Amino acid sequence: MRELGRRLAKLLRAGDLVMLSGELGAGKTTLTRGLGEGLGVRGAVTSPTFVIARVHPSLGDGPPLVHVDAYRLSGGLDEMEDLDLDVSLSDSVIVVEWGEGKVEELTEDRLRLRIDRAVGDTADEVRHVTVTGLGERWATADVSVLAG
């Protein structure tokens, strides 16, 4: 998952919203950790579950990474508006774990990644990732670099 995050970083730019979904332990934060490495941001990317959101400034001239865990939010745009994500969106890459039904109103352009673990004891590390690009931004984007 970490390597997938590094590859994903090559596609992203300021203004991008990435929504991650999958069961607990699927690898959402691990993917985001790789994304942070690929974007070259400062600080270790860890789960923002208890603080809801963390901002990781760029070490270079790239966009900062805003990492949000919406798991504990009850839903609706009101709670998300309190995080001022609409203000951060234009100059940051925003990654939201558990954001379905909560952040879609921020922008029509978003990239959704659904992470599923393979079933069975021997397949613990196998993940299946479904990538869906929505909106004009992703209509012509080549997401084939994510395969591997």
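The first residue you see is number 1, and the count goes up from there.
Every residue gets a Cβ built from N, Cα and C, even glycine.
Annotated features, as they stand in Swiss-Prot:
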BINDING   G25, A26, G27, K28, T29, T30, E125  ATP binding site
BINDING   T29, E97  Mg(2+) binding site
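Here the features listed in Swiss-Prot are painted onto the structure.
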residue : record              : DSSP (3 states)
G25     : ATP binding site    : coil
T30     : ATP binding site    : helix
E97     : Mg(2+) binding site : strand
E125    : ATP binding site    : coil
Residue among binding-site residues E97, E125 with least C-beta crowding, 10 angstrom cut-off:
E125
For the ATP site made of G25, A26, G27, K28, T29, T30, E125, how many Å separate the two farthest Cα atoms?
15
Excluding G25, A26, G27, K28, T29, T30, E125, please set out which residues of the same chain place their CB within 8 Å of the center of the CB atoms of the ATP site, keeping sequence order.
M1, G22, L31, I115, R127
Counting all other Cβ atoms within 10 Å across every protein chain shown, which of the binding-site residues G25, G27 scores highest?
G27
Determine, to the nearest whole angstrom, how far the Cα atom of E97 (Mg(2+) binding site) is from the Cα atom of K28 (ATP binding site).
7
Local Cβ density at K28 (ATP binding site) - other Cβ atoms counted within 10 Å:
26
